[in-house]
């Protein structure tokens, strides 16, 4: 039976799940601009109140992937995305962006998907620009830089132009919707391994199961007990691990990896410029909470990418490339590559 926007809204009002294949039909209609703004807003608000299910999220993500501009990475060995939903409200420096250079220096290939800031002080695109990189690389160029250097950034508006269809509605609504959790699920390089931070502990298991439905090989979905969408230094972190087709949940703490507990205030910034300075201090090997949190998250990325045997081994590899300058070298090479005349 075909799923119309009206039928979908009726399902939602009655607190019934929209089946995954029905969600695929619905999202295709939305992405093809066949659904009015009023109906889109009603469906998005209703899903938020009802709470989106694994099948609904997976169906919506499937369609967003269909409509994306793909990045074809030839050698997919140890290919990983380090990504977060954002929206945790903590305004920390760009931990995952820093971690991508560390993970690449230690042997992973990082295909990072991101955007400018909406609610934080500095989005991944903002800090990369502050570092001097060009963020507007086309899909072929992103594949090339990943192949040459081991790291690439996919600027969401370039790879998901169809999102312009729903942007006015989302902007006017001004609240979180399913689209806030779809972005990290729609990596244009189809990275088979994912380290994903989420802003809500309830999403840890949900997103891990969604990634399984979407065909991910390995994933770590993390949320600090303080609400941080990274592995946190301030408290324990809830982890949902997808491996071998199964999801298990557990907790880790900074002390597990020889790190001191540290308040999030030590990691907060007010602008992309401040985030840039903190990121450069970390890549210079300056000890402290910022370096620790980057090593922790890069270590998790190296584990999920299959480079490290476990998170602790990954942390050790991350510290090594931070202290010997290899991580900073990856950043410098990346910026230079993206600024070549044909990319500007």
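Each Cβ is built from the backbone N, Cα and C atoms, and glycine gets one as well.
Now, the feature entries from Swiss-Prot:
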BINDING   84, 87-88, 92, 94-97, 112-120, 124  5-phospho-alpha-D-ribose 1-diphosphate binding site
BINDING   84, 115  anthranilate 1 binding site
BINDING   96, 230  Mg(2+) 1 binding site
BINDING   170  anthranilate 2 binding site
BINDING   229, 230  Mg(2+) 2 binding site
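Mapped onto this structure are the features recorded in Swiss-Prot.
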residue: 84; record: 5-phospho-alpha-D-ribose 1-diphosphate binding site; Cβ neighbours (10 Å): 26
residue: 92; record: 5-phospho-alpha-D-ribose 1-diphosphate binding site; Cβ neighbours (10 Å): 24
residue: 96; record: 5-phospho-alpha-D-ribose 1-diphosphate binding site; Cβ neighbours (10 Å): 26
residue: 113; record: 5-phospho-alpha-D-ribose 1-diphosphate binding site; Cβ neighbours (10 Å): 27
residue: 115; record: anthranilate 1 binding site; Cβ neighbours (10 Å): 18
residue: 116; record: 5-phospho-alpha-D-ribose 1-diphosphate binding site; Cβ neighbours (10 Å): 16
residue: 170; record: anthranilate 2 binding site; Cβ neighbours (10 Å): 18
residue: 229; record: Mg(2+) 2 binding site; Cβ neighbours (10 Å): 28
residue: 230; record: Mg(2+) 1 binding site; Cβ neighbours (10 Å): 27
Three states by DSSP: which one describes the residue listed as 'anthranilate 2 binding site'? helix
Quick note, residue 113 (5-phospho-alpha-D-ribose 1-diphosphate binding site) and the residue listed as 'anthranilate 2 binding site': C-alpha atoms separated, nearest Å, by 20
Pairwise Cα distance for residue 230 (Mg(2+) 1 binding site)/the residue listed as 'anthranilate 2 binding site' [Å, integer]: 25
Work through the binding-site residues one by one (115, 170, 229) and name whichever has its CA nearest to the CA of residue 96 (5-phospho-alpha-D-ribose 1-diphosphate binding site). 229
Going by DSSP, is residue 113 (5-phospho-alpha-D-ribose 1-diphosphate binding site) part of a helix, a strand, or coil? strand
Determine, using Cα-Cα distances only, which of these binding-site residues is closest to residue 229 (Mg(2+) 2 binding site): 84, 92, 115, 116. 84
Whole-number Å distance separating the Cα atoms of residue 84 (5-phospho-alpha-D-ribose 1-diphosphate binding site) and residue 170 (anthranilate 2 binding site) is 19
In Å, rounded, how far does the Cα of residue 116 (5-phospho-alpha-D-ribose 1-diphosphate binding site) sit from the Cα of residue 170 (anthranilate 2 binding site)? 16
State the Cα to Cα distance, in Å, between residue 170 (anthranilate 2 binding site) and residue 92 (5-phospho-alpha-D-ribose 1-diphosphate binding site), rounded to an integer. 25
